[in-house]
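According to Swiss-Prot, the protein carries these features:
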type     : residues : note
ACT_SITE : Ser107   : active site, nucleophile
ACT_SITE : His132   : active site
Amino acid sequence: MRDPIDVYNNALVPMVVEQSSRGERAFDIYSRLLRERIIFLTGPVEDYGASLIVAQLLFLEAENPKKEISFYINSPGGVVTSGLSIYDTMQFIRCPVTTLCVGQAASMGSLLLTAGEPGHRFALPNARIMVHQPSGGFQGQATDILIHAREIEALKRRLNEIYVKHTGRDYDTIHTALERDNFMTADAAKEFGLIDEVIEKRPEPAAA
């Protein structure tokens, strides 16, 4: 598996040049969109990328604690604890966080998608959403393996409780839905309660 940080660092990131009274300023495209309060989760959820997203959330809250943040998600999931650090920060800050799935939101990606501001959780028409229980592997002494198995069970219960909170489904329904890889269309995810709307086009701005 390629290191996601190497992939990002070696990628050709478009630059945006702006003119001002002080001359030209160049921004990479993600920094420019951050000025518009747009942040991204692209690729696997892991510690370094999660810390960048947490930092962006905290920065935008410090700039304006009442203004909406748009969080675009295209992720196959990844490390549970990394995802939970993003989740907890989304719940912690005062800004409402709108979530939008483009491409896919699987595993921890789906949890972050459904954790957005109620009424403001969206997916594009061809997005795919997948939920399942956490998985992990461990080698070592039998006692340590049992300890890790209990930890995975505890994480499974906690993740189920988070889905219950944000979907409005009862615990047994969530438990059953997450027992195996459960792929959904955007419409099915809306019916299940993971998102609020499937959107094809950006809404027109309200008339002044």
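Every residue, even glycine, has its Cβ placed from backbone N, Cα and C.
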Residues that sit under 8 angstroms from His132 (active site) by C-beta distance, when 6+ apart in the chain: Ser107, Leu178, Glu179, Arg180, Asp181, Asn182
Local Cβ density at Ser107 (active site, nucleophile) - other Cβ atoms counted within 10 Å: 26
